[in-house]
Every structure is written in structure tokens, then in C-alpha cells.
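Notes follow the structure.
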Amino acid sequence: MADKAKVTQTTSDEKKDAPILVQMGIFAAVLFVSSLISPLFPPTFPVPVPVIGLVLLYLLLTFHIVKVEWVDKFATFMISLIAFLFVPSGIQLTASLNIMKAQGLQIIIAIIISTVVLLVVVAYTTSFFIWIRKTVFHGDVSVSDEVKK
Amino acid sequence: MSATQTTIITYLGTPIFGICLSILLFLFGQWLFKIGKGFFLFQPLFVGMVLGIFVLWLMAKAFGVDVTWFYTNAYKPGGDIIFWFLNPATIAFAVPLYKRNDIVKRFWLEILISLIVGLFISLFVIYGVSKLLGMDNNGIASMLPQAATTAIAMPISGAIGGTPAITAMACILNAVLIYALATWLIKLFHLTEPIGQGLGLGTAGHTVGSAKALQLSSASGAMAAIAVVIISIVVDLVVPTFANFMGLIK
């Protein structure tokens, strides 16, 4: 078992990452197709381009049309930038300073509580349903921390 | 347009000012976070946001122009370019999600049910809290769609009688707060089970929450990525009905 794991490890290490421009090209293509799909949804049920793109790339990976080493490096790089990419969104609040002046404190308190509520309620609800699977259906709920390459 | 405004547009109206300012402030935030030994208020994103608003406000006052005007004409051109890269960055979460496909395949039912039920409970709590804080229907409607990603939350907010700008602010602050407080909140509420932890972080902190979850474990990161997608679609379907039920839409 351990040997087998080791073998898969080495073979996956030998897999070559695609050149970064190719990786960017795949991302660009997925974004482009998503931007064609997004307007097909009615205005009452908006689905933004990046959400479609995430699902699309996930499906391409799952059906092995796109290999993970073709997109892995660029994806890891983009994810490492997320906090920085959000700085302009934060600074965008400059444009809403007058709303803040009018009822800022109330809104901010409501947002802080809502954030904590969403995190805690969703986490506890999930733990509850996983507990049900474990105790009622005697299912296996162990989650390994190894990453499939 | 006054002479000062023309000068500002000539010298600061190009995207490079906004890009440089964002990078500088974020790097300063990283440095502050390092020497502050990880004090939560020194998170680079939080520092960048607060200082950015302060710097723009200060510059607008110094030039004697309106703050919103200064933001739109000097910072936004560069800010928009950085902002655009959130598109490929969001798509990138398909990769950590695919890498933990084993969990998705085993737990898809729990994931789906938990997100729907969790959102319903949260909506009631958020409604109650907003009401207790004395917010009017417009304010409450602006709070409800915040679990979805900004591009979905804003039009829904408008449709149920809220103010989209306030909802956008909520989505941004969600991310900033989760980025700053996630580690502490996880400890405080003992959210150690990776699936629930990931789904919670993705719901409350959007893509930033997913990045945070990915630092905790690959399982948590994958769950956060799936939460961002599913919760947005669930909000799309559930929040207008909820608002209708609560009598927010006249």
C-alpha cells in the first residue's frame, strides 16, 4: 500500500507542468466561453461569469478533458494573489462614504454579526448532517488530508 | 470642470496610479503584519483597504475635490484592472476542488443539504438581528443576499427592495472580516471538522474565505470552493422567496 502510494507520487511528480502561457490560454478560453454563457441566464436569475467558469473548468478537469497539470501552476499562483486582488474592492467603499455617514455603524454591526452567523451556522449544520450519516447510517466520515495529484 | 480636476485627470487618471497605490499599500500591510507578529487588524487586505480609503480621502481634501469624484477618476481606472483578475482567480478554485473530488463524490448530498438548511437558518438570524438593530425594510433587504458572490448579491438586493451598494459593501466586508478573523473564530467556535469548516468559510468569506480555507487543509479549501458556487445559486433561488414570505417586497 505504502509502496503503491510512493509509486503514484513519483509518476505524478514526473508529469510536466504546461508552459505558463498555455495555462493562461486555458483560463482565458474558459473565461471567454463563460462570458458567452452568462447572458443566456435571465436577469431574475443572474449567474456571473466567474461562477460559470469555475463550474466549467471543474467539469473539464473531472471529465479529463483538461489535465490538472495544464492549469495547476497558474491556478495556485492566482489563488495566492486573492487577498491582494480584493484591495480595490475594499477601497471601492470610498464611493459609499456617504451611505456610511448616514447609517454606517448600524450597517457595519449587522454585517459583522451576519458574517459570523453565516460561518458558524453553516459549519454547525454541516457537522450535524455528517453526524447523522455517522450515527444513523453508520457511514464512514473520515476525511484524509492527502492531495490527489 | 475646474483646472485642478483637469490636472488630476492628466497626471493621476491613468491606471498606473491605482495599481501602484494598491501594490504599495498591500506590501506595507504585509510588512506591518510581519513586524506586528500577526496582529489581526494588521492583515494586509484590511490595512490596504483602510489606508487606501484614508489616502484617497486625504488627497481629495488636499486637492479640494469631492472624494467620490477623486476615487472614480484617479483610483478606479487602476483598481478596475486589478479587480478584473478576480475572474481568473475565482475560476482557479476549480483546481483545489478537483483535487479533492473524492470528498465531493462522497459527501455531495450532505454538502447540498447543509448549504440550503444553513442558509435558511442564517437568513432568519440575519433578519432578526437587523430588525433588532432597528433597520428598516430597505436595510434588511440589503443584508439578506450577502452570502452570494457580489455579482449575484447586488441584483437580488435591488430586486427585493434593498440598496445594491450596501449589499456590495457587505460582501466586501464579509471577505475582509473572514480574512482577518477566521483563525480566531474557528478556535472560538471549535470548527475543527474540515467539511463544515470549509463550507462555512466559503459561505461567509466568498473567494477570500476559500483562500483562507485552503491554508488550513486541502479538504477545507475544496469545500469552500464548492460552497462559493452552490451558495450563490441557492441565494439566487431562495432569497427572493424568503423576502416575499417576510413581506419585504410590497
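Placement of Cβ uses the backbone N, Cα and C atoms for every residue, glycine included.
TrEMBL: automatically predicted annotations, no manual curation.
Listed in TrEMBL for this protein:
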TRANSMEM  B:6-28  transmembrane segment
TRANSMEM  B:40-61  transmembrane segment
TRANSMEM  B:81-98  transmembrane segment
TRANSMEM  B:107-127  transmembrane segment
TRANSMEM  B:139-158  transmembrane segment
TRANSMEM  B:165-186  transmembrane segment
TRANSMEM  B:222-249  transmembrane segment
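Counted over residue pairs 6 or more apart, the CB atoms of the transmembrane segment (B:40-61) and the transmembrane segment (B:165-186) come under 8 Å in at least three pairs, which marks the two as touching. Between the transmembrane segment (B:81-98) and the transmembrane segment (B:222-249) there are at least 3 Cβ pairs closer than 8 Å, counting only pairs 6 or more residues apart in sequence, which means the two stretches are in contact. Sequence-distant contacts of the transmembrane segment (B:222-249) (same chain, six or more residues past either end, CB-CB distance under 8 Å): 90, 93-94, 96-97, 99-100, 103-104, 111-112, 115-116, 119-120, 123, 127, 137, 140-141, 144-145, 147-149, 152-153, 156, 159-161, 194-195, 197-203, 205-207, 209-210, 212-214.
Sequence-distant contacts of the transmembrane segment (B:107-127) (same chain, six or more residues past either end, CB-CB distance under 8 Å): 140, 143-144, 146-147, 195-196, 199-200, 203, 223, 226-227, 230-231, 234-235, 238-239, 242, 246.
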